[in-house]
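As written in TrEMBL, here are the features:
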type: COMPBIAS; residues: 17-26; note: compositional bias 'Polar residues'
type: DOMAIN; residues: 89-513; note: domain 'Major facilitator superfamily (MFS) profile'
type: REGION; residues: 1-33; note: region 'Disordered'
type: TRANSMEM; residues: 90-113; note: transmembrane segment
type: TRANSMEM; residues: 125-143; note: transmembrane segment
type: TRANSMEM; residues: 155-174; note: transmembrane segment
type: TRANSMEM; residues: 180-201; note: transmembrane segment
type: TRANSMEM; residues: 213-237; note: transmembrane segment
type: TRANSMEM; residues: 243-262; note: transmembrane segment
type: TRANSMEM; residues: 306-330; note: transmembrane segment
type: TRANSMEM; residues: 350-371; note: transmembrane segment
type: TRANSMEM; residues: 392-411; note: transmembrane segment
type: TRANSMEM; residues: 423-446; note: transmembrane segment
type: TRANSMEM; residues: 458-477; note: transmembrane segment
type: TRANSMEM; residues: 489-508; note: transmembrane segment
Amino acid sequence: MSDTSAPLAEHVAEKSNGVSKTQGNKYNEDPLQPSATRATYIRAERIASLSTAHQEYLLSRHGTFHLDPVPGFGNADPYNWPQWKKVSNLVLVAIHAMMSTFTAAAIIPAYQIIAEDLGRSLQDITYLTSLQIAILGVAPLFWKPIANHYGRRPVFLLSLIVSLAANIGCAKSSNYGSMAACRAIVAFFISPAAAIGSAVVTETFFKKERARYIGVWTLLITLGIPVSPFVMGFVANGVGYRWIYWILAMINGVQFVLYLFLGPETRFIRMGADHEGSDFKQEYMSFKRIDPMPIRPIAFIQPLSLFAVPCVVIPSIAYSMVFLWASVLITVELPQLFGEKFQFNPQQLGLQFLGIIIGSVIGEQIGGILSDYWMNRRAKTIGRKPRPEFRLWLSYPGFILSIVGVVVFLIQTNNAPELHWNISPVIGIAIAGVGNQIVTTVLITYAIDSEIQQSASVGVFVTFVRQIWGFIGPFWFPDVFTNVGLTGTAGIMAGLIIGVSILPTILIQMKGYAWRRIKVEEEEDVVDRPNVCEV
């Protein structure tokens, strides 16, 4: 190795971190001791303190030291995987995340048929969806500490096999109570990927490409809502609504098999851990505890502590308000609005969701790919990494498009003559889809960048806020429609997005750096503190 490519420092880590490294990537310090340094995230500026062997490995694997975060030593570290392996694993996790919202929305076009079959009111049947929305928000609080200690792979495999069984239970249910119980079980077990998928992205991809791949994950979560009724409308109309559950079970089974072969473990503790066995064993065959520290009861509510972190709670609430109107309102209320006004069957109702599908895909090009380009270009211009707040500039077009789209949807639906459908409400749905997806990717990526050491907690927290707010909305939407009409509802929506989303985002763009700087000064040296990272 030439002098120009020589490692930056030699065995500085042993002196600065109190950690001694031997035999490649094994640490002598006992990780069970409270004083042990354990970290999953190593900041870019810490690369000079790594051992010579570690630096040589990084240079041979990546050809550069400009890596953020810094990978660990060995091919089992997801940062060191080839790109195809990273992407294939992310696709599995993103589809898994999609299945959480896909499953909840699957029965929407069949509400009327299910009500007649089970002898319940239409409103009662809508609760089968509302129930899952609520559980999807709360269940990740349980799964996050389990996935941190035992890994993502075992949790995802368990999630799919139990969801498969519970979906079969839904298909065989003969009454409302048993179907509701099985739907609750499905929601609890299918939920992990929709929340800790943020951790999978930060554990696998470098910061410079994070928004693009966060966008893939968030896009599929968003798409799960409209794609499901779009597809399942044909199923319910053609072969009966119970086949919706059979198809969901089949999808879970296929996912389980694919995970066995293409879903390696991404949870990797880069400092203070002893990695034993071959790379294959670590990635696919290890089901023992990854983090031997005991699981404390407080870990199950730890993500809720982010209510005290402005740079996480403000974007979470701002995003959730947009999601409520530009996604939940359209998805949940469209079948009832169009069903009554145009007398659509399940298949015709499903087709209306094509607008939000197209809009969401278009929006992701701005929120994800353009967002990374926006930040990387800024870095080249100023010669350093831009503050995360610079990304927020891209959220404002998303807010505006969300408002415009929902206004067009509501007003044009209100103005349409009875039994005379036209495409203008669907155009509004598409515009809202573009705006919602821009806001989703930009604000979630900002929240994760602001609290990168707790990306799993951020994902759980954002999911909690979004799902609980999405659960409450459908209970008061009908009353708003009745009291002020669709046109009045559009005005209320615009006011809420401006007050709860746009103005707080302006505030955090102005104050976010100062709030984060206080926190950074308190946590100046991440890897020198015990048990700091819960990514």
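Numbers here mean position along the shown chain, with the first residue as 1.
Any Cβ shown, glycine's included, is placed from N, Cα and C.
Where the annotation comes from TrEMBL, it is an automatic prediction and has not been curated.
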*Any contact between the transmembrane segment (213-237) and the transmembrane segment (155-174), i.e. 3 or more CB pairs below 8 Å with pairs at least 6 residues apart?*
no
*Go through the chain and flag residues at least 6 beyond the ends of the transmembrane segment (392-411) whose CB is under 8 A from any CB in it; none is fine as an answer.*
318, 322, 325-326, 329-330, 359, 363, 366-367, 370-371, 374, 424-425, 427-439, 442-443, 446, 486-487, 489-490, 493-494, 497-498, 501-502, 505, 508-509, 512
*May I ask you to check whether the transmembrane segment (125-143) and the transmembrane segment (180-201) make contact, with contact taken as at least three Cβ pairs under 8 Å and only pairs 6 or more apart in sequence counted?*
yes
*Is the number of Cβ-Cβ pairs under 8 Å between the transmembrane segment (458-477) and the transmembrane segment (306-330) three or more, considering only pairs separated by 6 or more positions?*
yes
*By Cβ distance under 8 Å, which residues at least 6 away from the ends of the transmembrane segment (489-508) in the same chain are close to it?*
310-311, 314-315, 317-319, 321-322, 325, 329, 389, 392, 395-396, 399, 402-403, 406-407, 410-411, 439, 443, 477, 480-481, 515
*asked:* Can you work out which residues elsewhere in the same chain, 6+ from the ends of the transmembrane segment (306-330), have a Cβ less than 8 Å from its Cβ atoms?
replied: 133, 222, 225-226, 356, 388, 395, 398-399, 402, 405-406, 409, 429, 432-433, 435-436, 439-440, 443-444, 446-447, 450-451, 454, 457-458, 461-462, 465-466, 469-470, 473-474, 477, 493, 496-497, 500-502, 504-505, 507-508, 511-512, 515-516, 519
*So what's near the transmembrane segment (243-262) in sequence-distant terms, Cβ-Cβ under 8 Å and 6+ beyond its ends?*
88-89, 92, 95-96, 99, 102-103, 106-107, 110, 153, 156-157, 160-161, 163-165, 167-168, 170-171, 186, 190, 232, 235-236
_For the transmembrane segment (90-113), sequence-distant contacts whose Cβ falls under 8 Å of one of its Cβ atoms, 6 or more beyond its ends_ = 122, 125-126, 128-129, 132-133, 136, 152, 156, 159-160, 163, 167, 186-187, 190-194, 197, 200-201, 204-205, 213, 216-217, 219-229, 232-233, 236-237, 240-241, 244, 248, 251-252, 255, 258-259, 262-263, 331-332, 335-336, 339, 346-347, 349-350
*asked:* Do any residues, 6 or more residues outside the transmembrane segment (180-201), come within under 8 Å Cβ-to-Cβ of it, and if so which ones?
replied: 89-90, 93-94, 96-97, 99-101, 103-104, 127-128, 131-132, 135-136, 139-140, 143-144, 147, 152, 155-156, 158-160, 162-163, 166-167, 169-170, 173, 210, 213-214, 217, 221, 248, 252, 266-267, 444, 448, 455-456, 458-460, 462-464, 535
*Can you give the mean pLDDT for the domain 'Major facilitator superfamily (MFS) profile' (89-513), rounded to a whole number?*
89
